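Listed in Swiss-Prot:
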- 202-222: compositional bias 'Gly residues' (COMPBIAS)
- 26-108: domain 'RRM 1' (DOMAIN)
- 111-188: domain 'RRM 2' (DOMAIN)
- 1-21: region 'Disordered' (REGION)
- 193-224: region 'Disordered' (REGION)
- 274-293: region 'Disordered' (REGION)
Amino acid sequence: MAGFGAAPDFNEGSKINASKNQQDEGKMFIGGLSWDTSKKDLTEYLSRFGEVLDCTIKTDPVTGRSRGFGFVLFKDAVSVDKVLETNEHKLDGKLIDPKRAKALKGKEPPKKVFVGGLSPETTEEQIKQYFGGFGEIENIELPIDTKTNERRGFCFVTYTGEEPVKKLLESRFHQIGTGKCEIKAAQPKEVYRQQQQKQQRGGRGAVTGRGGTRGRGRGQGWNQGYNNYYDQNYGGYGNNGSYGDQDYNSYSGYDYSGYSYGYNPGYTEYSGQQSTYGKARGGGNHQNNYQPY
């Protein structure tokens with residue numbers, strides 16, 4: 001067991017993301033966080049209940065501010081029980097609200113990944129060679145810009161099973177050819193559309209124009225705008241939102257849509273709007289009141 005104050009060695013969120021859409025008894029959702037609470041603060045607090053393998057706090061993709069919730073992965077499921085057995089948790093002057101993280105029922109594990117920031121100099125053979133090292137490839141899609149007739153700065157790789165995807169998602173960035181690419185699980189376009197509709201009802205709408213200018217994509221025309229690929233007819237797939245982390249109405253595989261804390265309006269769905277959760281609470285201990293938990 002990690003002692004209080006110990007910090008686990010991991011790429012933030014990598015282990016949590018690796019098991020999206022799958023039930024993991026060691027995983028927890030942590031709501032009600034102060035906007036000032038850091039990943040280190042949360043890790044140190046929860047380490048008193050058991051060894052923490054991974055921890056991430058979700059932030060607004062535009063402002064970079066904490067959205068007042070996060071996820072933690074314990075090594076042992078018994079640590080989750082210990083957390084839930086404690087009646088009250090207080091961190092940075094706020095009562096926080098830990099819950100078991102439950103995967104969406106009936107959602108199949110992803111077999112397809114989105115590869116963003118792909119240099120046009122990277123050949124199809126290089127792509128096959130790299131991704132083939134993770135498992136058997138069923139298909140590779142290399143979208144072409146219909147206006148320029150040139151390859152776009154992203155691609156899709158579909159595997160015959162879900163295990164290669166889990167391995168890939170353990171790291172967010174991968175060196176492919178001469179460039180550093182970002183890997184995300186691909187989602188069907190209809191799923192993305194539903195998420196965008198919830199975002200717009202929440203008052204923000206879609207966040208656009210960010211994906212193509214992040215990291216190595218900055219200033220490179222071939223890498224501009226691949227955040228919007230879901231609006232093109234490229235196999236009907238999206239990538240969890242506008243190429244960012246604003247999509248948490250179902251947290252890309254965890255059933256938190258309609259998760260109402262009974263505190264403030266604006267935190268009933270994690271669809272990208274700035275959370276008001278953390279500014280005020282309605283009080284009380286709500287250990288068993290939330291669905292779909």
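In case you wondered, yes, glycine gets a Cβ from its N, Cα and C as well.
As a summary of secondary structure, the domain 'RRM 2' (111-188) carries 15 helix, 31 strand, 32 coil according to DSSP. Taking DSSP states H, G and I as helix and E and B as strand, the domain 'RRM 1' (26-108) has 20 helix, 33 strand, 30 coil. Mean model confidence for the domain 'RRM 1' (26-108) is a pLDDT of 89.
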